[in-house]
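Some features that Swiss-Prot has for this protein:
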- 54-74: transmembrane segment (TRANSMEM)
- 87-107: transmembrane segment (TRANSMEM)
- 137-157: transmembrane segment (TRANSMEM)
- 166-186: transmembrane segment (TRANSMEM)
- 203-223: transmembrane segment (TRANSMEM)
- 225-245: transmembrane segment (TRANSMEM)
- 271-293: transmembrane segment (TRANSMEM)
- 313-333: transmembrane segment (TRANSMEM)
- 355-375: transmembrane segment (TRANSMEM)
- 399-419: transmembrane segment (TRANSMEM)
- 427-447: transmembrane segment (TRANSMEM)
- 456-476: transmembrane segment (TRANSMEM)
Amino acid sequence: MGSEATTAVNNLQQPLLESTKSEADFRMESVLTDTHLSYFRRIYLASLIEMKYLFHLAAPAIFVYVINNGMSMLTRIFAGRLGSMQLAAASLGNSGFNMFTLGLMLGMGSAVETLCGQAHGAHRYDMLGVYLQRSTIVLVITGLPMTLLFIFSKPLLISLGEPADVASVASVFVYGMIPMIFAYAVNFPIQKFLQSQSIVTPSAYISAATLVIHLILSWLSVFKFGWGLLGLSVVHSLSWWIIVLAQIIYIKISPRCRRTWDGFSWKAFDGLWDFFQLSAASAVMLCLESWYSQILVLLAGLLKDPELALDSLAICMSISAMSFMVSVGFNAAASVRVSNELGAGNPRSAAFSTAVTTGVSFLLSLFEAIVILSWRHVISYIFTDSPAVAEAVAELSPFLAITIVLNGVQPVLSGVAVGCGWQAYVAYVNIGCYYIVGIPIGYVLGFTYDMGARGIWTGMIGGTLMQTIILVIVTFRTDWDKEVEKASRRLDQWEDTSPLLKQ
């Protein structure tokens, strides 16, 4: 008994993410199945292993998402220097067209997250490059019709009720973002390709360096060359292409990608329709989640005192978005860990990783919620000097705290769903919970019962809570041995280019 415990402890001291095949894949599984160790000893040792994996993956992922949001924020700041009209146009372009494109492309890119993660865990390294290329092809094709939305942005905005002068200026900004569509189409498959191999730190360095370049180029565009709003949006697109090219160079020269990138392959053109179906399910799952909070703001604009409601909700949504960045990092970590362990044939490790990641994210979100409630009367003064808005934010703080706690669990479970390949199922759950339950209840409470923003938010919290409970139950009842079998069968079918979805 003592020798097995000593071996388990010694295993913890080995380099975690650069181990040999057997060490990296079966270390935690061997600990969890070691009957010579007591139950609590197994949990303790496995937790140490998982925490190392978790924070190695989550911390850089959080940093990357924060930096990428920082680029959009800098663009809006420089647009504000051009004038209030330009700021409104840039905000409209970013929150409308850019966020729609970002959500769609990021969602479709998560399909490669499932396949690359499971293939890497199963040591089918040659297929990772094929999945990367296949996803890129699908996303580039998807980007072509989206380009038409950007080209005809002016009449589209006018038809949606925007003033003609705002629509005209916004369309100029949107034109400069067209290259960004295809930067997204290449970037997100690359990002998931690297994450599935636990290669996350290089992307963080690249994003940080690009943020500095973006700042310099934006300043030159506005103050040195006078290129105006179009110049700012072109710089934003260029910054994303810098990220893409830097990651491509890294893949080409890094020894860590030699097994997974063999160059371009004609296999990438096989099974594109089935790959598109999986990508579309992933996109629907993510878009339904990201659009949900936007609908809360839209409904608030229909209230009797929309200005106060929108101001207070904007502050709450900004705080929620900052907190959500942490959850997104754990979402990425959960997806990678679960898909890797399923691909490697480790059902207990996949289940344990799910429990640890969810628990850590929940505890962090609970701490954030307590801080929000403690500072609810003063936190709004970071954004505004208005006492009326501060009071409204204080009234909404309990709803914000509940949302933050739910966001500590729900994105992690969505990451587990991506790791398992459940995107289509979660998309149906999202439709039912968010759009059939949450929004109608919020509308009735907010308008029929005159509860205002609190009523709308109560209904939408109800939808999120229902979705979270369903995902918790589904995850808790998961037969992880069967998920390992499904992962193996999925990889066999994709490698043979037979339909993935006919399982």
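Glycine is treated like the rest: Cβ placed from N, Cα and C.
On a predicted model such as this, the values are computed, not experimentally measured, just so you know.
Counting same-chain residues at least six beyond the ends of the transmembrane segment (166-186), those with a Cβ under 8 angstroms from any Cβ of the stretch are 79, 85-86, 88-90, 92-93, 97-98, 101-102, 105-106, 136, 139-140, 142-143, 146-147, 150-151, 153-154, 157-158, 228-234, 236-238, 240-241, 243-244. Just going by CB pairs under 8 A, the stretch in 137-157, 203-223, 225-245, 271-293, 313-333 that sits most against the transmembrane segment (427-447) is 271-293. Of the two recorded stretches, the transmembrane segment (137-157) lies close to the transmembrane segment (271-293), with three or more CB pairs under 8 Å once pairs fewer than 6 apart in sequence are set aside. Remote same-chain residues near the transmembrane segment (271-293) are listed as 99, 103-104, 106-111, 114, 134-135, 137-139, 142, 317, 320, 414, 417-418, 421, 423-424, 426-427, 430-431, 434-435, 438-439, 460, 463-464, 494, 497-501 (criterion: CB distance under 8 Å, separation of at least six residues from the stretch ends).
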